Structures are given as structure tokens and as C-alpha cells.
Amino acid sequence: MGCGNWRSARSLGPLKAQSRASAFFTMLLIFTYVFYCLTAYCDSLSRSVLEPDSVAAYTADQLGVQESLQGSKKLPQAIIIGVKKGGTRALLEFLRVHPDVRAVGSEPHFFDRFYDRGLRWYRSLMPRTLEGQITMEKTPSYFVTREAPRRIAAMGGHTKLIVVVRDPVTRAISDYTQTKSKNPGLPSFQDLALKNSSLELVDTSWGAVRIGIYAKHLKNWLRYFPLSRFLFVSGERLVSDPAGEVGRVQDFLGLKRIITDKHFYFNQTKGFPCLKKPEGSSRPRCLGQSKGRPHPPIPQRVLQRLRDFYRPFNLKFYQMSGQNFGWD
Ligand SMILES: Nc1ncnc2c1ncn2[C@@H]1O[C@H](COP(=O)(O)OS(=O)(=O)O)[C@@H](OP(=O)(O)O)[C@H]1O
């Protein structure tokens, strides 16, 4: 390189450095702009997923898309209203296997304990459902709650009512077993079931006895709903033939018969049918320890007295429901 060239290169130096700096700043500006746009977009996207109720910022179209993807909370179209210790948990867990059934896990107790919280509160407890899916809940105490039929009827919506019934004598013992497990000092079954511990009078003021008078409770429901709105599920058959009984429930709910024999296996240790693949799991599962507990032995004469007591009520119940459950 000659001397002149070298000089001109030196005078061009600051110019090149200037243009490099301005290119750098332009790049920086573009980068900042792109970064800002991207973060603002992600933020709006995540807000729409995490805060589905903050409607103000979204157009009806955006909400429509969001709703069709996530579904919405609806009041239940079907409720398992009873009976306590009838096998209600087993039925709900079996039904949850169906892709078109979405159910609340715990018992909401809305129509007996929390009615004053209002229907909005009740609906907020429900899982989101997509078009064509059925929302369900189970609270077995509804069946014996005097106000429950009127309140459910007032909700409107042609709610379907499912009642899992079980031999009232076994049901009473199951109920007693549960209370005793929480309160070991409880008097004996016969002391509670019979007045003055004599075989003369059955104590109908004891809840465990009273719940089993199904005809009396059903009468209250039939003041508000036609029989066609009910499905009576046999608690005994739910154990001996779960697929058959769940098949009837799927028909009643207008669902495709998806839950079949192949969804169940009989667990010898538990002594009950269990699910091969419960909802949200790929591993077989039985119900928990509080379901299918061994019952204490009850003297034969006490059992016989209770069978005699329930017989007329059972016959009445068979008549009213149009189904013979074969408990007598
Ligand atoms: N598959 C399966 N696994 C376990 N248990 C089963 C099943 N099917 C029906 N059952 C019977 O369900 C009885 C409990 O009834 P509920 O779920 O209605 O009880 S509760 O009212 O919700 O407490 C429970 O009563 P107990 O045997 O007295 O524990 C069971 O007999």
C-alpha cells in the first residue's frame, strides 16, 4: 500500500465507524421492537388461557374460540341423588370413564346444606364441559332431604335423577359401620336399631333405619318429578354385574354404550369390581378403603326383625318404581 492510499484509508476510517454504529443502533431498535411485540402477544395469549373470565379485553370472536376449546361450566344435567351407602361413589367413578361425562369429584351438598349460596356458586363448582358432554354430580343425602326435590325442580333444565338403591338392611349396617369407624364408642347396632333393645319396635328415628324407607322418600320426589325422570340402579347388581348396570345408566343418559365388560376386572383381595383404567389414569384402580369395608356380625334375630320391618316398604317401593329389587 502506497503512502497516499494509506492516508485516504485513515480519513475513511471514522466514516466507516460511524455507519457501523448507526447500523448497530438500527438493528438494536428493530430487535427491541420485535422483542416487545412478541412479549406483548405472548402475554395476551397466556392471559386468555389463564383468566378466561376477564372478558373485557376480548372480542366476542376470541371468546367464542376460547369457549369452544375449553368448554364452559354448566348446571348438572344428571344428579346421583342417593342413596347413602348404596354404591353412589362406585357408579360415579365408573361413569367418569365415559368421554362424554364430566363430574365433580367431591359431593357439593348444594341442595341440602349450601342452597343459600345460590346457583352461580353451584355452577362454579362444575367442571367445564364441551358441546355434547354431560355434567354430573353426586350427593346421596339429597334423596332424604325434604326440600331437595322442590329445589332441583326450581333449577329447571329437565335434570335426570339417578338413585342407587341397596337392600335397606345391609345399607343400614353399612351406614352404621361408617359411623362406628369415626366414633368407636358408638353403642351396638341392635341397641340403636331397636327401641329399648327389644325386638318389639324398630327405631325409625335413627337415621340409618329411616334412610332405608325408600317408598316414603320417593313419594316426596314424585310430587315434583314424573317417574320417567328417574333411573333406579341396583346397588347389588352394580357389584355383581357393573357393566350391565352402567349400560342401563348410559342408555338413560342418552350416551353411547362405551363402558362395557372390558373396562372392569374383579379384584379378589378387595372383593369388588375395579376399573382397569379409571379417568385420568392408565393404571387399574379400586375404590378407597372406606368403600367395601367388612361389616360387624349382627345377631340373626335382629336381622330378621329388620327384614320384617322393611318388607311392606320394599314392596311399596317396587310398585312405585316399577322394579323388583329382590330384597325379600
Ligand atoms: N366397586 C366397588 N368397590 C367398592 N365398593 C363398592 C363397589 N360397588 C359398590 N360398592 C359399595 O358402595 C358402598 C358405599 O356406597 P356409597 O359410595 O354410596 O357411600 S357414600 O354414601 O358415598 O358414603 C360400599 O359399602 P360398604 O361395603 O358397606 O363399604 C360398597 O358395598
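Yeah, the Cβs are placed from backbone N, Cα and C, and that goes for glycine too.
Cross-referencing Arg96, Arg166, Arg283, Arg305 against the 3'-phosphoadenylyl sulfate binding annotation in TrEMBL, which names Lys85, Gly86, Gly87, Thr88, Arg89, Ser174, Lys291, Gly292, Arg293, Pro294, His295, picks out Arg166. Within its own chain, the region 'Disordered' (277-297) is flanked in space by residues 89-90, 93, 96-97, 170, 173-174, 176-178, 180-181, 189, 263, 265, 267, 270-271, which lie at least six positions past its ends and keep a Cβ under 8 Å from the stretch. Taking the Cβ of Pro294 (3'-phosphoadenylyl sulfate binding site) as reference, residues of its chain lying under 8 Å away and at least six apart in sequence are, in sequence order, Thr177. Counting in whole angstrom, Gly87 (3'-phosphoadenylyl sulfate binding site) lies 13 from Cys274 (disulfide bond) by their C-alpha atoms. Rounded to a whole number, the C-alpha distance linking Gly292 (3'-phosphoadenylyl sulfate binding site) with Lys85 (active site, for sulfotransferase activity) is 10 angstrom. The secondary structure of Gly292 (3'-phosphoadenylyl sulfate binding site), as reduced to three states from DSSP, is coil rather than helix or strand.
When secondary structure is read from DSSP and collapsed to three states, Cys274 (disulfide bond) falls in the strand class.
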